[in-house]
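Peer 1: Can you read through this structure? Questions will come right after.
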Amino acid sequence: MSPANVGYQAPSVSVSSSLPKRKVDSSVLIVPVVNGDDNSAPKVLTSPFLDTKAVVEIEAALESLDAKGGAEQVTRVVVPSLPVSSVLAVGLGKQRDEYDADVIRRAAGAAARSLNGAETALTTLSDTDLSATVEGLILGAYRFADFRSEKTAPKDAGLRTITALTSAKGQNDVAQRAADIATAVATARDLVNTPPSHLFPDEFAKRAKALGEAAGLQVEILDEKSLEKAGYGGIIGVGKGSSRPPRLVRLTHKGAKRKGKKVALVGKGITFDTGGISIKPAANMHHMTSDMGGAAAVVATVVLAAKQKLPIDVIATVPMAENMPSATAQRPGDVLTQYGGVTVEVLNTDAEGRLVLADAIVRAGEDQPDYLIETSTLTGAQTVALGARTPGVMGSDEFRDRVADLSQRVGENGWPMPLPEELKEDLKSTVADLANVSGSRYAGMLVAGTYLREFVPEGVQWAHIDIAGPAYNSGGPWGYTGKGGTGVPTRTMFAVLEDIAANG
Ligand code: BES
Ligand code: MN
Ligand code: ZN
């Protein structure tokens, strides 16, 4: 792999202040429409790029097709007077003075999901919110075809260029930043979507290294021998049931000027979670290919931080292991020693995420960061509490609220959750410092967060983002999210890094 070809290859994006003079082959013009009063035909959102004649033609075509213009509804029409092969109307719902960025992002995503092989997308949606449009288009057009032969390769994956029409001046950098963010999300999606047969700890580490080096990061990989020697008992314990040994990857972006902040990122990288000896039921076990979603997002985020030259230091610490049952696997009842010396009774080998994360958090703490953000597909209890689209955010009260707030602003919708003091009692062990699970069925997401809190150094502002549901879309496509890996919470973490760079 040459450096330029590492990571997801997004369509190229440019901005323009006018429609092309001549017809562009294999192109589509994406036009936002709103539904007026109930049952009236959709209206084209007023745009300096469409003259009255074009608007009348589009609206007449939509009316004849009985289109409604509801949010994310798409309708393809042919308008011969415009310099494109077809027009794709996408609904924004009811007309408003202003639209939420995520309404625009989802509309752009829904449009891109229905492009049917168009190679060039032009859009006037960008005049409403350029960043959201570009992100939505790239993410909606995302396809994962690495494991398809020509026979079944998706025929709708042809998007090569995006032209964002905007009447504002000097918007090139804005469009490029949005494209870089979407590319990072798509890179995280690619890693999640790569099956566990092909993405195991050593391979994941190599890909992280290639991505990191292409972005100018310092990369360090600890193999199983170094991990054993340095006392990473959690990573070794979880990884020892697999024939494919664990890794710990460290990726460093040095961007801080004088007084610049240092942020540690930690992501759970279980390349497949069978549960180990405490084995999971067969139904939907294949979803556990997403159990490295936190790690994928962390790798994508630190690479993005370097590409955007953020003036802070960002150090990613990423534990990678495969949780398998075998004659060499750890047993329920085993005791291991986490990196740094805390002993743990492993009552349930399926609560493996917290074991690899505790080692990584202690290691990350040695760098004395100001902030620590950790993210993981940690508990089924997260989906019970918040569902498949709402990450649970825990940690230091103030920083937790800041992370959740930024997450909502970027449309990833993290929600703050508490870590009640009394839950620590449930993690008492009769033989070791801690047990890895509580005896209670209650508040599983918070108990896992409570376990992690034990390993965060005093004085570090930290946030734990549980993405068990949100990392992987097992339902139908919606907005800019297709089936499979979602890349969540890459945009949340990047927004937090940008906020720290700007405000400390
Ligand atoms: N990787 C799972 C959590 C998970 C569940 C992620 C569903 C995505 C979808 C994690 O390792 C796990 O197995 N957690 C256990 C913890 C329990 C044993 C305390 C769980 O949630 O059941
Ligand atoms: Mn598990
Ligand atoms: Zn797991």
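Note: Cβ is positioned from N, Cα and C throughout, glycine not excepted.
Any TrEMBL annotation is an automated prediction that lacks curation.
Take a look at what TrEMBL says about it:
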- Lys268, Asp273, Asp291, Glu352: Mn(2+) 2 binding site (BINDING)
- Asp273, Asp350, Glu352: Mn(2+) 1 binding site (BINDING)
- Lys280: active site (ACT_SITE)
- 348-355: domain 'Cytosol aminopeptidase' (DOMAIN)
- Arg354: active site (ACT_SITE)
Peer 1: When you scan the chain for residues with a C-beta under 8 Å from the domain 'Cytosol aminopeptidase' (348-355), skipping those not six or more beyond its ends, what do you find?
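Peer 2: Here the qualifying positions are 234-235, 237-238, 241, 268, 270, 273, 275-280, 291, 321, 323, 325, 329-332, 336, 338, 376-378, 436-437, 448, 451-452.
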Peer 1: Taking only C-alpha atoms and a 10 A limit, tell me which of Lys268, Asp291, Arg354 are near Lys280 (active site). These are the recorded positions.
Peer 2: none
Peer 1: According to DSSP, how is the domain 'Cytosol aminopeptidase' (348-355) divided among helix, strand and coil residues?
Peer 2: 3 helix, 0 strand, 5 coil
Peer 1: Where the distance is taken from Cα to Cα, which of the binding-site residues Lys268, Asp273, Asp291 turns out closest to Arg354 (active site)?
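Peer 2: Of all the candidates listed, Lys268 is nearest in space.
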Peer 1: Please identify, from the active-site residues Lys280, Arg354, the residue with the sparsest Cβ neighbourhood, meaning fewest other Cβ atoms within 10 angstroms.
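Peer 2: Checked Lys280, Arg354; of these active-site residues, fewest Cβ neighbours within 10 Å: Lys280.
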Peer 1: When you measure from the Cβ of Asp350 (Mn(2+) 1 binding site), which residues in the chain that are at least 6 apart have a Cβ under 8 Å away?
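Peer 2: Spatial neighbours, sequence-distant, of Asp350 (Mn(2+) 1 binding site): Asp273, Gly275, Gly276, Ser278, Ile279, Lys280, Asn323.
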Peer 1: Starting from the Cβ centroid of Lys268, Asp273, Asp291, Glu352, which together make up the recorded Mn(2+) 2 site, report each further residue of the same chain whose Cβ lies within 8 Å of that point, ordered by sequence.
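Peer 2: Everything else in range on the chain: Val238, Gly269, Ile270, Met288, Met292, Ala321, Asn323, Gly353, Val356, Ser376, Thr377, Leu378.
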Peer 1: Test of understanding: give the count of other CB atoms lying within 10 angstroms of the CB of Asp273 (Mn(2+) 2 binding site).
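Peer 2: That number is 26.
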Peer 1: Across the domain 'Cytosol aminopeptidase' (348-355), what does the pLDDT come to on average, as a whole number?
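Peer 2: Summing pLDDT over the domain 'Cytosol aminopeptidase' (348-355) and dividing by its length gives 98.
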